[in-house]
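Annotated features, as they stand in TrEMBL:
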type	residues	note
REGION	1-269	region 'Amidoligase domain'
DOMAIN	5-269	domain 'CTP synthase N-terminal'
BINDING	SER15, ASP150, ILE151, GLU152, LYS190, THR191, LYS192, PRO193, THR194, GLN195, LYS226	CTP binding site
BINDING	SER15, LYS190, THR191, LYS192, PRO193, THR194, GLN195, LYS226	UTP binding site
BINDING	SER16, LEU17, GLY18, LYS19, GLY20, ILE21, ASP73, ALA244	ATP binding site
BINDING	TYR56, GLY357, LEU385, GLY386, MET387, GLN388, GLU408, ARG465	L-glutamine binding site
BINDING	ASP73, GLU143	Mg(2+) binding site
DOMAIN	305-529	domain 'Glutamine amidotransferase'
ACT_SITE	CYS384	active site, nucleophile
ACT_SITE	HIS510	active site
ACT_SITE	GLU512	active site
Amino acid sequence: MNNTKYVFVTGGVTSSLGKGIIAASLAKLLQERGYSVTIQKLDPYINIDPGTLNPYEHGECYVTDDGAETDLDLGHYERYLNIPTSQANNVTTGRIYQSVINKERKGEFLGKTVQVIPHITDEIKNRVQILGNTGDFDIVITEIGGTVGDIESLPYIEAVRQLQWDLGEDNAVVVHLTLVPYLAAAGELKTKPTQHSVKMLMQSGVSPDILVCRSEHEISDDIKRKLALFCNVKKQNVIQSLDAETIYDVPNLMFKEGLDYVVLDKLRLSTRKQPKLTAWNRFLERHKNPTSTIEIGLVGKYVELHDSYKSITEAFIHAGAANKTKVNVRWIHSEELTPESAIQQLEGVDGVLVAPGFGDRGIEGKIAAVQYVRENNIPFLGICLGMQMAVIEFARNVLNLKDANSTEMNPKVAHPVINLMEEQKDVTDKGGTMRLGAWDCQLTQDSKVFEAYKQELISERHRHRYEYNNEYKEQLETAGMKTAGINPKTGLVEIVEIPTHPWFVGVQYHPEYKSTVLNPHPLFVSFIKAALKQSKK
Ligand code: GLN
């Protein structure tokens with residue numbers, strides 16, 4: 001048994017209160033106080049992972065180094081903590097049931113009736129403790145997805161109840177995030193929804209130690225006292241969380257409110273070392289005081305839900321701060337973009353990012369965007385499908401292979417410049433079967449990417465089935481689309497560039513997943529720098 005302490009974060013009243021940001025901010029403060037911390041998300045849905053979910057359902061699918069397809073909150077965890085997460089950091093109900101059922105089939109339950117309690121809850125408890133048992137962390141923060149009162153959250157709350165006993169009083173703390181709404185007509189903040197959601201938690205045997213109250217207005221001492229009284233917590237453990245100007249303000253706000261202090265106090269851990277947030281605040285300073293503003297066109301088919309591109313827009317913020325530049329995003333729906341409308345829709349943007357995606361909806365719009373930026377010398381970054389569209393556009397309009405396409409869009413295409421990967425040919429299952437996770441890439445020295453990364457061998461995360469077709473490599477290169485990076489083992493082309501263009505880079509991998517506050521991604525930094533230059537023209 002090691003000494004890992006556990007923080008559980010539950011949510012009440014409504015979804016979208018920003019549990020992930022609160023968990024990440026708390027983790028950041030604890031990390032700054034010298035503790036090693038990780039964060040885990042338990043998702044109560046039955047999908048094995050969010051990899052098969054449409055982004056409209058759940059926002060972006062975030063990919064880790066070890067190739068796990070995970071919830072977008074893991075992106076926040078990495079961006080705040082600057083340490084990688086893994087499959088163990090995201091568990092769904094589907095995964096829990098899958099392992100319990102597999103064990104049942106192997107006869108591991110020795111003839112017992114398999115039930116939610118204890119078998120499902122035991123599996124949840126194991127998954128929570130896996131990270132702690134590595135011995136790598138002083139504190140594990142476990143965020144329970146969903147809202148207290150949801151039927152599907154019940155086994156998780158029950159597991160927390162049991163874990164509090166198993167771990168002991170000083171080793172576990174429950175933070176409940178709730179909403180204190182303001183009723184304009186009454187001119188009052190209302191505590192009743194919080195009282196009810198705490199009551200619901202208590203009915204399941206879990207009594208929160210700390211309340212974090214989201215609110216649009218200052219929560220007075222009186223209201224804190226009332227919440228403390230009705231919800232059975234200490235008054236100093238009622239923490240207000242006001243709407244912030246940026247999510248990156250939240251660690252400072254939580255420090256001011258003493259969230260990290262009350263958590264450590266409950267866990268009987270030292271509070272002597274203060275969090276400094278020096279590098280963090282340096283980033284904030286640059287982020288909040290930009291000397292220039294640019295506009296980037298983000299071309300994608302899920303633009304109605306900005307969360308679908310969370311890591312990309314956050315990477316813009318990090319790279320913007322590095323360039324002391326405010327990056328405004330012009331959201332452009334690829335289905336509404338045509339070669340004719342590209343001029344108006346893209347007019348005045350300083351750079352264009354063509355986003356990842358699947359299937360043929362909107363791809364002609366993406367191709368039109370690439371053509372426009374290529375011909376008009378506007379900085380371009382194509383990610384995954386965006387890179388593939390750049391290759392197709394070049395093949396069609398420069399090589400004059402008019403019917404070039406990806407076999408994803410047309411399996412019988414005459415010029416398959418993007419092709420299904422060999423190892424994908426026998427794959428029939430959709431879940432978890434793409435080329436996923438971190439792979440090496442060898443950069444060409446004389447290239448934009450080498451200038452950005454300043455190193456020859458990089459490792460980036462992937463999520464795709466289709467690839468650049470090497471049969472067209474010679475033609476593409478001769479016509480001016482250069483190969484700037486390949487997988488050293490397989491020879492797969494990972495990066496294309498057009499050296500005659502001011503900044504035109506397409507990457508098969510997803511650089512956005514690795515951008516953090518303290519390590520803004522070099523490729524994004526370089527792209528924003530190029531866009532900044534374009535804006536001054
Ligand atoms: N649909 C493309 C493929 O599978 C691109 C995937 C992506 O953009 N993530 O290769």
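Even glycines carry a Cβ here, placed using N, Cα and C.
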How big is the Cα-to-Cα gap, in Å, between SER15 (CTP binding site) and GLN388 (L-glutamine binding site)?
-> 36
Return the member of ILE21, GLY357, LEU385, GLY386, MET387 nearest to LYS192 (CTP binding site) in space, with distance defined Cα to Cα and candidates limited to these binding-site residues.
-> ILE21
Go through the recorded positions ASP73, GLY357, CYS384, LEU385, ARG465 and pull out the ones with a Cβ less than 6 angstroms from some atom of ligand 1.
-> GLY357, CYS384, LEU385, ARG465
Given the binding-site residues LYS192, LYS226, ARG465, the candidate whose Cβ has the fewest other Cβ atoms within 10 Å is LYS192
Sequence-distant neighbours of ILE151 (CTP binding site) in its chain (C-beta under 8 A, six or more apart) = none
If you draw a 10 Å sphere around the Cβ of ASP73 (ATP binding site), how many other Cβ atoms fall inside it, taking every protein chain shown into account?
-> 26
Around the Cβ of THR194 (CTP binding site), other Cβ atoms found within 10 Å total 25
Measuring C-alpha to C-alpha, could you say which of the recorded positions THR191, PRO193, GLY357, CYS384 are within 10 Å of HIS510 (active site)?
-> CYS384
